[in-house]
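K.L.:
So Swiss-Prot says this about it:
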BINDING   39, 40, 41, 42, 43, 44, 45, 46  ATP binding site
DOMAIN    3-221  domain 'ABC transporter'
């Protein structure tokens with residue numbers, strides 16, 4: 001089950017003030033594949049990721065998933081974002097008044113997962129990243145690396161089919177950045193997900209199955 005982009009364009013503005021940010025983007029990503037989107041700031045990477053996540057509509061073109069266009073009227077984009085797509089951002093965006101375990105459980109609650117099941121699953125995921133001793137700790141007591149690991153596990157909580165990561169390692173040192181990318185890739189492969197990550201860090205390219213370079217809104221061949 002691939003995620004396919006066909007002739008995606010995105011234009012902002014009106015009349016003479018229009019700016020074409022994405023220009024005829026075409027590629028597909030298969031299940032179990034982890035790709036990196038790279039390119040200069042302002043090249044259109046984040047706009048493309050927002051389109052893939054259903055947060056922004058393309059001006060033209062199709063994004064096909066499960067054989068359906070994500071932007072057809074029949075597709076429930078709210079349900080899709082909740083159940084099929086996991087987002088990881090540059091900032092962890094943890095809720096300050098929730099403990100580490102609660103950060104994960106609130107996502108499960110929104111998806112209708114029973115509390116006992118959610119609690120057990122949160123425990124397993126946090127054990128996996130070495131934070132079992134931090135279950136009841138609040139975000140202000142966590143290091144930057146710990147916060148980002150919690151954010152990653154939060155994205156995996158509902159077992160999404162697609163993981164979209166926008167510069168998740170930008171604020172981390174080299175060792176922590178490598179650890180985070182290895183963690184994301186491992187989940188993508190073992191759970192047969194589709195993984196797409198934006199990064200400028202060329203040291204991380206070796207962990208991708210493919211690197212897609214975007215320049216001036218176009219894929220650089």
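Residue 1 is the first one shown; counting continues down the chain.
A Cβ is built for glycine as well, from the same backbone N, Cα and C atoms used for every other residue.
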K.L.:
Sorted by position, what residues of the same chain at least six away from residue 40 (ATP binding site) have a C-beta under 8 A from it?
P.N.:
215
K.L.:
Under a criterion of Cβ-Cβ distance under 8 Å and sequence separation of at least 6, what residues of the same chain contact residue 46 (ATP binding site)?
P.N.:
166, 198
K.L.:
Among 39, 42, 44, the binding-site residues in question, whose Cβ has the most other Cβ atoms within 10 Å in this structure?
P.N.:
44
K.L.:
For residue 41 (ATP binding site), just count the other CB atoms lying within 10 A of its CB, please.
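P.N.:
Excluding its own Cβ, the number within 10 Å is 7.
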K.L.:
Mind looking up the mean pLDDT for the domain 'ABC transporter' (3-221) in the predicted model?
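P.N.:
The answer is 88, the mean pLDDT of the model over that range.
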K.L.:
Restricting to the same chain and to sequence separations of six or more, state which residues have a Cβ under 8 Å from that of residue 43 (ATP binding site).
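P.N.:
Result: 214, 215, 216, 217.
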K.L.:
Identify, in sequence order, the residues in the chain of residue 45 (ATP binding site) that are 6 or more apart from it along the sequence and have a CB within less than 8 Å of its CB; answer 'none' if there are none.
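P.N.:
In sequence order, the residues whose Cβ lies under 8 Å from that of residue 45 (ATP binding site) (at least 6 apart) are 37, 38, 39, 198, 214.
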